[in-house]
Amino acid sequence: MELIFLGTSAGVPTRSRNVTAILLHLQHPTQPGVWLFDCGEGTQHQMLNTAFHPGKLERIFISHLHGDHLFGLPGLLCSRSMAGNPHPLTVYGPQGVREFIATTLRLSGSWTDFPLQIEEISAGDILDDGLRKVTAFRLEHPLECYGYRVVEHDKPGALNARALKAAGVTPGPLFQALKAGKTVTLADGRQINGADYLAPAVAGKSVAIFGDTAPCEAALALAQGVDVMVHETTLDASMEEKANARGHSSTRQTATLAREAAVGRLIMTHISSRYDDKGCQRLLAECRAIFPATELAYDFSVFPV
């Protein structure tokens, strides 16, 4: 998996940062895909600067209904329809996202020509496509807001083909059964247990993508042990009280969460427009002082998971 940041500003766009939108590129060898997390104003325009277009999207996850996370959605849906893309799309989000989509399309005389499914969610597991699971966590914000934890299923370990050949097992259908951990019976009556010839399973990658939030109990569960945590750092540590009053987090709080949750890496985003490049570097330094494995996202930054 890899993350492509389309927008990294908080509240309003700036000359260098658009509002929130993140692509998750699912780099599976046989079932690749592209998911979008939040869709602030101008998201479809930002996508023009990437290798992806709205027609490739399979799923969109909306954290909450504030405009800087949502107002790009109607235009993206309409453009996807105008392009004649027939592939289905599922939108996940809090209560009200269905009404928002229906109202904006109706009042603008617009429609979608592709199958559009809208899932209004609550906290808990919301998706398992056989390759990965998505769990939603309710966060602390003035509007109903969620963060999403995406965890790949573990991959089976490699089959020790050399040892199997030495045991008299020839490549073919039996190898497939053994790779699945099954027990097979050979022509001479011997039974071979696939588990005895498999390397340990490879743990799937994991990422936690937060919506806007002040510190809360659910945040630790959402982030616990993930490879990558994407979290807002709207304001610096000196403005922590103001950040929390508006349902946001400071640099210090975000980095502390990353440390307590034992994540692999922290990626900072959702930066207030008050900070220029020098100010952004100060935000980064505040986070790294607590959690060194921190990166600052810019528009079009790409990070592997």
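Yeah, the Cβs are placed from backbone N, Cα and C, and that goes for glycine too.
D212 (Zn(2+) 1 binding site): 28 other CB atoms within 10 A of its CB, across all protein chains. The DSSP secondary structure for D212 (Zn(2+) 1 binding site) is coil. What Swiss-Prot lists as Zn(2+) 1 binding site is H64, H66, H141, D212, and the listing cites sequence analysis.
The annotation Zn(2+) 2 binding site is assigned in Swiss-Prot to D68, H69, D212, H270. A simple way to gauge crowding: the CB of D68 (Zn(2+) 2 binding site) has 22 other CB atoms within 10 angstroms, across all the protein chains here. Under the three-state DSSP scheme, D68 (Zn(2+) 2 binding site) falls in the helix class.
Here Swiss-Prot flags D68 as active site, proton acceptor.
Looking at H64 (Zn(2+) 1 binding site) and H270 (Zn(2+) 2 binding site), their Cα atoms lie 14 Å from each other. Of all the binding-site residues in the record (H66, H141, D212), the one with the smallest CA separation from H270 (Zn(2+) 2 binding site) is D212. Within 8 A of the CB centroid of the Zn(2+) 2 site residues D68, H69, D212, H270, the other residues of that chain are A10, G11, V19, T20, D38, G40, S63, H64, H66, G211, E232.
Taking a C-beta cut-off of under 8 Å and a sequence gap of six or more, H66 (Zn(2+) 1 binding site) has these contacts in its own chain: L143, D212.
Here the CA atom of H141 (Zn(2+) 1 binding site) lies 14 Å from the CA atom of D68 (Zn(2+) 2 binding site).
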